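Have a look at the structure below, then the notes.
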Ligand code: NAP
């Protein structure tokens, strides 16, 4: 056989791969999109509809029948109908007895009904096996094939065999089934598409609040103060200078806030002498959004890099350099190279570059595609050890930048510290506390507690 013919064979559709017939109730957006995808994947599709007239929107190879007639043709029936219309199914209870009913419905808001839609369906039709699936996939994604963001399909149901049948369909459509357990999980599965970045709310509000605070702090000290006491109008600082002060400060504080809850958790565990008691709610929530805090910190650090790189292009920077040169010419005096300053500026830049590199590494390892490919120890090594190293480097970057200047009285306009001094409070506190926690006399009992040892065991013999 020549090469060309073997390629043609490989591309030809596999007609022996014909799968079973699946019934879909409802010829709406989702029913049509799912039916189309199922026909592409080798299933025969029969629709159960209120109208048996075939419109040109219905997939070409599908049949459209009345509900009872369509249900008889398949063992699996996908209910692509809104929950409020489920009552029409009760007269069909006999036809649907023993069949697998797939509930794909979503609600418009959280806690709209006391029980989940799938449990409601199971109560209406106790003779059928209800499985919840597909509600996290959108009709648009199914139709356009842009399923990258929503490849996971949560599946739950009380009948194991029925759940397996639905999971097989999910796999055949090129999606990934995630078994969420019994039908009790349906409420959680239904709430999933209604949530709006639940883990991002606290980090975003915190970042917005802190950014606004530091921005106005800088406006007061760098623009208003200079205008009042030095009669200089530096209002253009709003565009680049001030954002380039606020961004590194935010990056450093947010990075420190990623590690602070871990320190609090360690202190609480040491104090209680056990790991078997729940942390306070606020700490639990804080721990859960550490990744988001870290990613926002990385965004601020990246902006700081970009703002710094454009600095030489600014007319203010060339004016200041020119002013220095002219003053040397006018005074007929060449300023010698200050080696201390040269060392400080190079070290400050080197620390910043290394800190940013580790920051990016932390961001990359937090991506699910990367974190799924490293084991738990490797993940902890990067996120904890390299994370602390990034915090140390970034804190040192700020300290070296400030140098002696932080101690000079001119850094305290209106008796207020410069924002770089403020930005060092949380990171330095985290690093000092971490340093204390790794002392063997503290680290040893903490490790024992984390391995299950209890100071006052509740169930002692
Ligand atoms: P839709 O376009 O409004 O279609 C719903 C279908 O239900 C109608 O086309 C109709 O089909 C049938 N229907 C309407 N009223 C009925 C009644 N009184 N009695 C019996 N059948 C009735 O809605 P959809 O967007 O396809 O959504 C269907 C279900 O899928 C909903 O529960 C939704 O939450 C869920 N879902 C949708 C998406 C999405 O992206 N659209 C994503 C995930 C889940 P016939 O005219 O053929 O009878």
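Along the chain as shown, the residues are counted starting at 1.
Using the three backbone atoms N, Cα and C, a Cβ is placed for every residue, glycine included.
These features come from TrEMBL:
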DOMAIN    21-107  domain 'Pyrroline-5-carboxylate reductase catalytic N-terminal'
DOMAIN    249-394  domain 'Ferric oxidoreductase'
TRANSMEM  204-229  transmembrane segment
TRANSMEM  249-271  transmembrane segment
TRANSMEM  292-310  transmembrane segment
TRANSMEM  347-365  transmembrane segment
TRANSMEM  386-407  transmembrane segment
TRANSMEM  419-442  transmembrane segment
Beyond the flanks of the transmembrane segment (419-442) by at least 6 residues, Cβ under 8 Å: 214, 217-218, 221, 245-246, 248-249, 252-253, 255-257, 259-260, 263, 266-267, 270, 388, 391-392, 394-395, 398-399, 401-402, 406, 411
Averaged pLDDT score, the domain 'Pyrroline-5-carboxylate reductase catalytic N-terminal' (21-107): 95
Residue counts (helix, strand, coil, in that order) that DSSP gives for the domain 'Pyrroline-5-carboxylate reductase catalytic N-terminal' (21-107): 32 helix, 21 strand, 34 coil
